[in-house]
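One structure below.
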Amino acid sequence: EDPSLERHFRGHRDAVTSVDFSPNKKQLASGSMDSCLMIWSMRPQMRAYRFVGHKDAVMCVQFSPSGHLVASGSRDKTVRLWIPSVKGESTVFKAHTGTVRSVHFSSDGQSLVTASDDKTVKVWTVHRQKFLFSLSQHINWVRCARFSPDGRLIVSASDDKTVKLWDKTSRECIHSFCEHGGFVNHVDFHPSGTCIAAAGTDNTVKVWDVRMNRLLQHYQGNAVVNSLSFHPSGNYLVTASNDSTLKILDLLEGRLLYTLHGHQGPATCVAFSRTGDFFASGGSDEQVMVWKTNFDAADYGDVLKTQKSGTSVDVTHRSLQSEMNCGVHLKKTKPQDSGNHEQQEEEISLANTLEHIMGQLDVLTQTVSILEQRLTLTEDKLKECLENQQKIIQNKTS
């Protein structure tokens, strides 16, 4: 079955720049040149929230792994962390000296990496919103930066036509991929962490192995590619292009599977949901679209189940090893005895509880940050009042 358009969200007043699903798939966040962040409900007839705070275009949005926070970066040079609820409260920090093009949470939700027109990539702690360090070897705007799934590497893409791979601990650039003929708009890690895909203004998508630093696949399109997203199974890649199309690439076969038409004008951003059964796209036509994946459903359902159950994930396709060498061969798991199964269920429920606690912690720290900011404001106001009173008293006595 082919991918199909599921929902259509209209509400932005300018080009959509970024889309991301919440981990539970109940919400979708989008950023736009209209300076707003929108949170859409995936349930029919539920209202959307418009969050206002940025003073200029919102360039990027992302949900935290727990889903309790949303980060956004803007042309106003700040990053905001929002609690995606009715109040839409946020804390703000001055992140860069240029437009912030990209925000990305590490998979443990503890760190945030940002990329900017000031040519740097910066890493922050989420809870204290504290600056940790800068990576600065790019010689032009940095469009995108992402943590690897295990959090040990960072990849960045720039208008200097390079993709750079960094070691987070040593903060060294360990490799530069220079094969792009144009600016590099977007880059991301394969779910296995063994390779990366980059999209460019030279109309290409390139997939590199980050262990051997060699080019694995090269897709030549006929329009600038603005954004891409890996399917959680690691077998597919969806791209958004200036010719208004979305394309689904089959990485196992190394070929184009589908070309989807929906946007009027450039398709600017695209993202798969965390389970891969949906993907969302945004365009300069101010629209956000949600698509049902449909293709190969049985296939990747199994893949994800095997991954979730905590068994060794190493399998599904003869040609992946040979062609992609991407380290995603899942072994088919044998049915286990029920004792083991109960233990697994306990482990999963424990993991879920822990995840919930982590999420609550996110909200707590964020609320504390908001309160701290308000306190500071109140203190400043108080100080101002006191100073004014002093002046009045001085004036009277003189």
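In case you wondered, yes, glycine gets a Cβ from its N, Cα and C as well.
Predicted automatically and left uncurated, TrEMBL annotations should be read as such.
According to TrEMBL, the repeat 'WD' annotation covers 9-50 (among others). Long-range contacts of the repeat 'WD' (9-50) within the same chain: residues 56-63, 65-67, 70, 72, 74, 80, 82, 84, 86, 88, 268-275, 277-278, 280-290, each at least 6 residues beyond the stretch ends and with a Cβ under 8 Å from a Cβ of the stretch.
Break the repeat 'WD' (51-82) down by DSSP state and the numbers are 0 helix, 18 strand, 14 coil. Annotation source TrEMBL lists repeat 'WD' at 51-82 (among others).
Restricting the average to the repeat 'WD' (93-134) gives a pLDDT of 93. Taken from TrEMBL, the feature repeat 'WD' applies to 93-134 (among others).
Residues or ranges marked as repeat 'WD' in TrEMBL: 135-176 (among others). Residues 98-99, 101-102, 104-108, 111, 113-117, 119-123, 182-189, 191-193, 196, 198, 208, 210, 213 of the same chain lie 6 or more positions beyond the ends of the repeat 'WD' (135-176) yet place their CB under 8 Å from a CB of it.
The annotation repeat 'WD' is assigned in TrEMBL to 177-218 (among others).
Shown for the repeat 'WD' (225-259): DSSP residue counts in helix, strand and coil, namely 0 helix, 23 strand, 12 coil. Annotation source TrEMBL lists repeat 'WD' at 225-259 (among others).
The repeat 'WD' annotation in TrEMBL covers 260-292 (among others).
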Touch test for the repeat 'WD' (93-134) and the repeat 'WD' (51-82), at least 3 Cβ pairs under 8 Å: yes
Non-local residues, at least 6 beyond the ends, that sit with Cβ under 8 Å of the repeat 'WD' (51-82): 14, 17-24, 27, 29-39, 88-105, 107-109, 112, 114, 116, 124, 126, 129, 355, 358-360, 362-363, 366, 369
